Amino acid sequence: VDEDILKKQKEIDDWLPITSSRNAKWWYAAFHNVTAMVGAGVLSLPSAMSHLGWGPGVVILILSWLITLYTLWQMVEMHEMVPGKRFDRYHELGQHAFGEKLGLYIVVPQQLICEVGVDIVYMVTGGKSLEKIHSLVAPHKHIKTTYFIMIFASVHFILAHLPNFNSISGVSLAAAVMSLTYSTIAWTASVHKGVQSDVEYGYKASTATGTVFNFLTALGDVAFAYAGHNVVLEIQATIPSTPEKPSKGPMWRGVVIAYIVVALCYFPVALIGYYMFGNNVEENILISLEKPTWLIVAANMFVVIHVIGSYQLYAMPVFDMIETVLVKKMHFRPTRMLRFIVRNFYVAATMFVAITFPFFGGLLGFFGGFAFAPTTYFLPCIMWLAIYKPKKFSLSWCTNWICIILGLLLMTLSPIGGLRNIIINAKDYHFYS
């Protein structure tokens with residue numbers, strides 16, 4: 001009987017998106033990580049800098065880069081810390097650290113908010129980028145954002161049926177290359193424009209409260225620019241592993257390369273963009289650049305391609321969760337039909353929410369604070385403390401506690417700014433206008 005059960009388990013594992021193929025190379029990990037990490041948020045970094053100011057801005061950029069690199073290292077290490085077992089999913093690690101039930105309740109809601117939230121934001125981003133292209137190419141025609149979001153979603157009704165991580169590695173590579181390309185366009189075009197004549201670096205808001213709220217929102221924007229942690233174990237699960245050659249070697253190499261690329265995307269855009277335009281920089285730096293038109297159209301096209309890749313990358317673990325529940329708990333047969341229905345339903349749902357709330361970016365600053373900060377900044381540290389139990393006041397103990405405290409501060413402060421923005425936006429908002 002046991003053999004039958006094991007065989008069934010193996011069949012299901014071979015069917016599920018995350019555990020089905022374990023022959024990825026380390027460079028797959030590199031570009032999956034770049035795609036997951038570099039959001040289209042990189043284009044709003046200069047405006048975040050203008051709310052933070054030079055000193056705090058630079059410190060926060062570098063600090064968040066270091067802390068997230070450290071927590072990512074912890075996750076890569078913990079993936080195989082029990083010999084002969086692999087934690088292929090974030091919540092499996094959570095269950096090991098906090099216990100069967102509690103682990104699920106702590107990790108799954110947060111991971112779902114992050115992944116589904118990012119997917120919805122990307123629906124809006126993709127739609128808006130398409131709209132920008134259209135307004136630049138055919139300025140006199142007006143089409144509603146709603147339709148652009150539908151056009152963007154149409155791609156995903158097809159791509160969502162790629163079965164697992166390795167099958168989307170092509171999409172992901174394209175996305176990773178694109179993210180580097182449009183970041184480079186953003187900062188080189190800024191250099192070409194030169195420092196503006198009326199440049200100012202002071203805070204923009206007229207009131208003290210406005211300045212504080214803007215500061216908090218920007219804090220959230222920068223902090224969540226590094227949010228690849230929700231899919232990192234799932235990416236590592238695709239790398240082959242033997243006791244002699246554990247998967248953490250190639251995975252870590254991929255992560256380091258990814259982080260160098262991320263730094264090359266983020267730092268020049270944030271610093272040069274702010275230096276050239278000062279506090280007059282737009283939310284999206286491409287808008288500040290305006291001309292030459294062909295370049296901005298190209299950059300927006302690259303954003304669309306990148307967001308397509310990211311959407312799939314974040315959707316994969318969600319598909320995995322839904323399919324796991326259906327097959328293991330509700331005992332559906334693992335068939336093509338089941339997958340077809342589940343994935344189309346998911347794409348349709350994210351599209352519907354995106355169309356209903358196109359100011360979702362503000363919502364993400366709000367929800368993101370509750371979900372991104374933990375999964376990226378302090379959950380890995382808490383798990384590390386729970387599992388390895390380092391000595392009090394040793395280096396490891398101190399580092400983890402510092403990260404946890406900074407992460408908790410982030411979690412409490414950034415939603416405040418996000419909430420205020422939502423309230424301001426919602427005043428003049430009409431459904432499906």
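Just so it is clear, glycine is given a Cβ too, placed from its N, Cα and C backbone atoms.
Here is what TrEMBL records for this protein:
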- 23-417: domain 'Amino acid transporter transmembrane' (DOMAIN)
- 26-45: transmembrane segment (TRANSMEM)
- 52-73: transmembrane segment (TRANSMEM)
- 145-162: transmembrane segment (TRANSMEM)
- 168-187: transmembrane segment (TRANSMEM)
- 255-277: transmembrane segment (TRANSMEM)
- 297-319: transmembrane segment (TRANSMEM)
- 340-360: transmembrane segment (TRANSMEM)
- 366-388: transmembrane segment (TRANSMEM)
- 400-423: transmembrane segment (TRANSMEM)
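Three or more CB pairs closer than 8 A are found between the transmembrane segment (145-162) and the transmembrane segment (297-319), so contact between the two stretches is assigned (pairs 6 or more residues apart).
In this chain, the transmembrane segment (52-73) touches the transmembrane segment (366-388); three or more CB pairs sit within less than 8 A of each other, excluding pairs fewer than 6 residues apart. Counting Cβ pairs under 8 Å that are 6 or more residues apart, the transmembrane segment (168-187) and the transmembrane segment (297-319) reach 3 or more and are in contact. When each of the listed stretches 52-73, 297-319, 340-360 is scored by C-beta pairs under 8 angstroms to the transmembrane segment (255-277), 52-73 comes out highest. Below 8 angstroms of C-beta separation, residues 116, 119-121, 123-124, 127-128, 145-146, 149-150, 153, 156-157, 160-161, 315, 318-319, 322-323, 326, 422, 425-426, 429, 431-432 of the same chain, each at least six residues beyond the ends of the transmembrane segment (340-360), sit close to that stretch.
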